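> After the structure tokens below, expect a handful of questions from me.
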Amino acid sequence: MQTIASQTLIDIHKLNLYYGTFHALKNVTMDIPQKAITAFIGPSGCGKSTLLRTLNRMNDMIPNTRIEGKITIGGADIYSKEVDVETLRKKVGMVFQQPNPFPKSIYDNVAYGPRLHGIRSKQKLDEIVETSLRSAVLWDEVKDYLKRSALSLSGGQQQRLCIARAIAVNPDVLLMDEATSALDPISTLKIEELAQELKDKYTIVMVTHNMHQAARVSNQTVFFLNGEVVEFSDTEKLFSNPRDQRTEDYISGRFG
Amino acid sequence: MSAGKTTADHPFAARKSLNQFNNKLFTTVVWVVGICTVIFIIALLFLILEKGLPKLDWGFLYGEPSEIEEGGGVGPLLFNSFYVLIISLLISIPLGMASGIYLAEFAPANKFIGFIRICVEGLASVPSIIFGLFGIVLFVESLDMGLTILGAAVSLAFLNLPVLTRVTEEAIRAVPQEMKSASFALGSTHLQTIRRVLIPVALNGIITGICLVAGRAFGESAVIILTGGVTSSGVMWDFNPLSPGATLAVHLWYVQSEAIVPDAQLIAEKSAAVLVFIVLLINIVFRVPLWINSRKMR
Ligand SMILES: Nc1ncnc2c1ncn2[C@@H]1O[C@H](COP(=O)(O)OP(=O)(O)OP(=O)(O)O)[C@@H](O)[C@H]1O
Ligand SMILES: [Mg+2]
């Protein structure tokens, strides 16, 4: 029914998640396409971040969470016993709502991931740092100050640094949880343009509270309500011609 | 009077002036107390250093102590001070950091761990002489080793362990959760996150703790008197850990109260100056890497 052009990369099937007794995700099923931007929208507390965190298993660290159902990425079940979460997280990078660089130099921030995964050669690291910073459109601003503390950057620069840090480990998927909500309009625009460029190489899943942002940037949009998927379709279709009454109410600003 | 009244009638004047008065009063009190404390500390340091430092010479720092004649040095005692300090830090830093990291990162949040935490806190404020008595029971009586450098160092390590554990735990806990998440999201293991993020970020707090503990250990006397004794082997560079373990701080007490050398007063003054000077030095030396680091990170 949905006109999804490219191939599915992430397949979520009948996913239920409980925080203790609280049922946070209810029977979520969706196919997230490869090399495209998929946006999650919905009112606060509806489970967008929770679903995002199931994709790189960051929920594993929250005590008392229980998960049912199946998620496969590229055909592999990410909750099966053989899975090594570190390898999974290397393949599924994440950018957080608040920029969170380490109190280290710009260079060391970007090189952090590659070093974790065993790259020691200075030459190789230099190369990765440069290409990652270029991909994140930060290189020209920081190339002369790589040894400076990352904390000396502005909020927007820090967030682009975090994106550079995430792509330095060469992931397949990039999860962005309201990555622009702490930023000014200009930095936001830069990050949106960046996302547009990155989608040729990465599968991007972004959570956003800003419906204009979802409409501007994403190819597919998912609308959530109380832990359930209400509607999942091409962004244009969802915003111009929603199938569900609740979607229409939400995007026309009648609630949420 | 009338002028004063108009100001008081002004809608913004009354509250502002009262608050400003309080503010001024508070600021003044804080300044006065602060300055008095600083002056007191500087005066104390000056008194101690002024009496001893000018009379110091290498012969005193390096020389062997004498029991009867004038002109004895403190060489072996000074050596013991450093030797005992280093052994005790070698034991207490790894153990204290390990248990602090365990409590902050791995310990389950249950009643038993809560109880352990209370015990650690309690032990951190137990008088040092209790640890000395413990050292006697363990090394002198049970193991029958006599009064030794090793016994003194290990007892000192026990004394410092709770403080180091506490300080490490607090420092690690103070690292923002977002930084941990960032590290995990890049695919690091727990160990990698601890080594590459938590410890470097917490290092400032941990080093402050180590400084505190090292200074205290260097000046500690009760534990050493009970476990290391009041004499040294009397010769320089005696690395045998089973030699008697009196340190400079113990010697200071010893010459003042027990010794029969005629120049006891002079030795005490000089020893006190050396002690204070070295404790200050320890604090500076441990901080230099932090200064360099924070300059880099600005
Ligand atoms: N660690 C947790 N423990 C218990 N409940 C949680 C936890 N995290 C989230 N929840 C609950 O799960 C629900 C979904 O939370 P989630 O953070 O996924 O919402 P969200 O859609 O991202 O909201 P927002 O847009 O405000 O970020 C909320 O009702 C929240 O209270
Ligand atoms: Mg959220």
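Each Cβ is built from the backbone N, Cα and C atoms, and glycine gets one as well.
On a predicted model such as this, the values are computed, not experimentally measured, just so you know.
In case it helps, TrEMBL gives these features for our protein:
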- B:25-49: transmembrane segment (TRANSMEM)
- B:78-286: domain 'ABC transmembrane type-1' (DOMAIN)
- B:82-103: transmembrane segment (TRANSMEM)
- B:115-139: transmembrane segment (TRANSMEM)
- B:145-164: transmembrane segment (TRANSMEM)
- B:197-218: transmembrane segment (TRANSMEM)
- B:272-292: transmembrane segment (TRANSMEM)
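Where in this structure would I find these features, and how exposed are they?
Beyond its flanks by at least six residues, the transmembrane segment (B:25-49) meets 272-273, 276-277 of its own chain at Cβ-Cβ distances under 8 Å.
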> Considering only the recorded stretches B:115-139, B:145-164, B:197-218, B:272-292, state which has the highest number of Cβ pairs under 8 Å to the transmembrane segment (B:82-103).
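Top-ranked stretch among B:115-139, B:145-164, B:197-218, B:272-292: B:145-164.
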> Most CB pairs under 8 Å with the transmembrane segment (B:197-218): which of B:115-139, B:145-164, B:272-292?
B:272-292
